[in-house]
Amino acid sequence: MSNTYSLVNPFDNSPLGEYEYTPWATLENQLAMLKEGQLSQRKTAAFQRAGVLNKLAALLKEHSEEMATLITQETGKTILDSRVEMMRAYNAAIASAEEARQIQGESLDSDAYAPAGGKIGVVCWKPLGTILCITPFNFPINIAIHKIGPAYAAGNTILFKPGPQNTASAQLLVKLCYEAGMPENTLQLCMPEFSDLDRLNAHPDVNAINFTGGTAAANAISAAAGYKKLLLELGGNDPLIVMDDGDLEAATTAAINHRFATAGQRCTAAKRLFIHANVYEAFRDLLVEKSSKLVVGDPMKDDTFVGPVINQGAADQIRTLIEQAIEDGASVALGNQYEGAFVYPTILENVSPTSEIMVEEAFGPVMPLYKFESVEEIIPIINNTAYGLQAGVFSQNLATIKELYEQLDVGTLAANDGPGFRTEHFPFGGVKESGIGREGIKYAIREMSYTKTLVI
């Protein structure tokens with residue numbers, strides 16, 4: 001088996017380079033180095049870690065355009081999307097620096113239960129050790145910083161495994177981390193072969209795994225990890241609900257931004273649209289009108305809104321889901337056009353609620369519309385999926401918003417916004433097969449730490 005792999009630009013298949021997998025012996029050496037680095041990390045003060053993360057934020061800002069260009073070349077996402085990603089990565093680094101200074105324990109009196117004994121408990125948060133951070137292709141730098149930042153802030157060491165498609169951007173990111181002051185025995189980059197993944201996940205020197213990606217890979221990680229702490233951010237089948245009192249102009253803009261941006265390749269994309277019957281035709285017509293004007297093409301051009309999906313295989317999967325929906329009775333309001341790895345923005349009507357495109361995660365620029373009469377009608381349809389990440393609703397009725405908040409199986413409901421809403425200091429994560437644990441810098445620090453108690 002070859003120890004190298006080649007990468008191409010999804011837009012035009014131009015070569016991006018040839019890279020080497022990390023041999024198993026090197027992985028073991030990296031883990032030994034990181035285990036040794038835990039000792040020095042424990043002696044590094046929180047304000048020192050915060051200083052490193054602030055320096056990293058400054059470097060990310062300085063190299064933002066260079067990194068955004070790499071992201072676009074690697075993933076096919078538009079340069080506009082990549083620039084937004086770099087802004088988010090900068091924010092995540094700043095937030096990690098701020099939260100590094102806020103890791104605080106508590107003291108507890110023991111007299112709440114008899115016999116009290118006059119003791120006091122001092123509870124502190126301690127790092128887990130070495131965190132294996134695994135990131136997907138679609139937000140290679142932003143998600144990496146959402147893992148590396150809080151892991152480092154908490155005092156852990158990090159083995160960073162990016163998606164293979166993102167090798168060049170990951171190499172630049174690690175270089176910037178070193179330049180910011182992270183020692184090499186605190187952060188290592190690896191690109192293991194597929195055959196080595198299970199034993200890497202099971203390795204005794206990996207103390208926890210922080211993974212963002214698909215459910216199948218997460219199942220393999222869980223099976224190999226044993227009793228390791230897991231933070232899993234997985235897929236979503238996120239609904240956007242438009243009530244008859246919702247702002248249609250804002251709702252159509254949100255639908256487009258939360259579905260067709262990044263060519264629909266985001267776990268929090270608006271993958272299913274539920275439109276109240278009283279405004280269905282008006283919403284559909286406005287949505288089709290706006291979507292038909294989106295520029296599809298070269299992702300390096302500033303006016304391009306939709307680039308290619310990550311590869312031809314991904315495009316074929318989306319096409320299959322669309323064709324199955326049409327076979328199930330759906331009609332095409334817009335799109336259903338394909339060119340290489342391009343899937344043109346597609347809007348489907350009359351979609352069966354049991355069609356695969358409504359039940360499974362569709363990772364591409366396709367938007368199924370469902371007309372409904374009442375909230376009670378759609379709650380079981382929305383919940384009829386293995387996922388439960390986020391949701392969005394457009395309504396002026398607080399009672400409706402609260403009912404959806406209580407009844408939907410999701411981690412977040414965004415009122416008068418799309419399901420893709422996320423900011424660095426909010427908790428992020430879902431229920432069911434959308435994952436385990438919560439990201440968001442403060443919450444991720446807790447996930448990658450444990451409590452240690454001194455009784456005196």
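Each residue's number is its place along the chain shown, starting with 1.
The backbone N, Cα and C atoms fix where each Cβ goes, glycine too.
Around the Cβ of GLU233 (active site), the same chain contributes PHE211, THR212, CYS267, PHE428, GLY429, SER434, GLY435, GLY437, GLU439, each under 8 angstroms and 6 or more positions distant in sequence. According to Swiss-Prot, the active site annotation covers GLU233 (among others).
Mapped onto three states, the DSSP output places CYS267 (active site) in coil. What Swiss-Prot lists as active site is CYS267 (among others), and the listing cites similarity to another entry.
Counting only same-chain residues six or more apart in sequence, the Cβ atoms lying under 8 angstroms from the Cβ of GLY213 (NAD(+) binding site) belong to ILE134, THR135, PRO136, LEU234. Per Swiss-Prot, the feature NAD(+) binding site maps to GLY213, GLY214, THR215, ALA216, ALA217, ALA218; the stated evidence is similarity to another entry.
Here the recorded positions are ALA216, CYS267, and the one with the most other Cβ atoms within 10 Å of its Cβ is CYS267. Within the group of binding-site residues (ALA217, ALA218), the Cβ with the highest number of other Cβ atoms inside 10 Å belongs to ALA218. The Cβ of GLY214 (NAD(+) binding site) has 15 other Cβ atoms within 10 Å, all protein chains considered.
THR215 (NAD(+) binding site) is surrounded by 16 other CB atoms, counting those within 10 A of its CB over all protein chains shown.
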